[in-house]
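Taken verbatim from TrEMBL:
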type: BINDING; residues: Gly115, Thr116, His117, Gly118, Lys119, Thr120, Thr121; note: ATP binding site
type: DOMAIN; residues: 10-106; note: domain 'Mur ligase N-terminal catalytic'
type: DOMAIN; residues: 113-290; note: domain 'Mur ligase central'
type: DOMAIN; residues: 312-441; note: domain 'Mur ligase C-terminal'
type: TRANSMEM; residues: 9-27; note: transmembrane segment
Amino acid sequence: MIQLNDIKAVYFVGIGGIGMSALARFFNEKGVRVSGYDKTVTPLTAQLEAEGIAIHYSEEVDLIPKDVQLVVYTPAIPKEHKEYQYYLQNGYSVVKRSDVLQIITQSSLNICVAGTHGKTTISTMTGHLLRHSGFGCNAFLGGIAVNYNRNFWASDNNVCVVEADEYDRSFHKLSPDVAVITAMDPDHLDIYGTAEAMEEAFIEFTRKIKPGGWLISKHGLTRYSDLVADNHITYHLNDVNATVHATNLKVQNGSYVFDVVFGDWLLKDVLLNVGGLHNVENALAAIAVAHVLQIDDEKIKAAVAAFKGVKRRFEYVIAPGEGEVVFVDDYAHHPEELRALITGARSLFAEKKLVLVFQPHLFTRTRDLADGFAASLDMADEVILLPIYPARELPIEAVTSELILNKMKLEKKQVLTKEELLNSVKEKVDSNTVFVTAGAGDIDAMLQELKKKIEA
């Protein structure tokens, strides 16, 4: 395996992805020459260019550097990609993001957050708790931390917080000192085939935990007894059978105040200014990590209170008090995430009508989880479905947003194009509405236009 110190120049095929850009920033800050390709200009690629990273946007072998020691690619690019093929055929060291994380984390104390949902928020909260408290960490995140407007930061402390991705089993390359598992619900069935195979992958992940290490898992996971670690504790929002849980939970001015119970340890009056009950539960996991690392109680509380959230995770486009309508945007793209999103919005705005716009992500996921999507979306008062965002996939016959629509019991439901949504959104909302957009595709590119229409 290539050693970190041997890398003087690195090239990224698909540099604009959230996980890839974190690695690009890591190397850039280490003084390594970083360049890359992506197919589109985005706010994130523009930021990378402003940080001194050279990026081009056309797939051309003539534009790529030949004097690099490492080429990192994303599984999202097609295998016939010309630049990828050039490096492969000419004997370069061509690796995935997970291989690079393996190289980086070989000799560090590692906190690895895995699970089919919640991992971005928990890893970001954990990284923030370690940074804000002065403990220090290198953070490789799958989302943009609002506090720092970044998905990566460095520290002199040899500690890494890593979002451990279960897609294509890449998290098996990590060696956690502390591992968190948030959920093992079926997802990525295009890779795993069955829910059982995916559960096996998580069990295998726990076997990577170092001797004397910790596993912090969501209480009630299937196959709980098969998850292995020298120290295994559980967390849950309010189940007293979990090692870590919340009590005395109150809503105050759109924020949550609660006490944390961790065995015999009690942390009182924790303030969280991020919406959604699922985020209280996410905070419990991050607080558990901080306590395991022996961070001071008051520093933990101060860090949680200062946490501003993750972009596109229960993010206010129009916050309460800013306008007539409350407008929330979220990355939710799985039935359980939608359920948590809707429950979270209801917990804060119980009296308001909830209008939800959902852009399904991937044809395979829509096909495999259509019943679950329909059941979760039925919890809203009105639902608008956009056409499926294909990402890396080709269309599948008879798999459209109508598949979900036809399984829903809700009366107020329809499929609209983006243009139709923009033209009709104003009449769907009033001062008694919480308007929610959700999806992992490109729905976030519409947010400012939707905001303008709503405020017009």
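Cβ atoms here come from the backbone N, Cα and C positions, even for glycine.
Under DSSP, the residues of the domain 'Mur ligase C-terminal' (312-441) split into helix, strand and coil as follows: 47 helix, 33 strand, 50 coil.
Taken through DSSP, the domain 'Mur ligase N-terminal catalytic' (10-106) splits into 39 helix, 19 strand, 39 coil. For the domain 'Mur ligase C-terminal' (312-441), the mean pLDDT of the prediction comes to 96. Fewest Cβ neighbours within 10 Å among the binding-site residues His117, Lys119: this applies to His117. If you take the C-beta of Gly115 (ATP binding site) and look for same-chain residues 6 or more apart in sequence within under 8 angstroms, you find Ile122, Glu166, Val180, Ile181, Thr182, Ala183, Met184, Lys218.
In this structure, of the binding-site residues Thr116, Thr120, Thr121, the smallest number of CB atoms within 10 A of the CB marks Thr116.
Around Gly118 (ATP binding site), the same-chain residues six or more apart in sequence whose CB sits under 8 Å from its CB are Thr182, Ala183, His278, Glu281, Asn282, Ala285, listed in sequence order.
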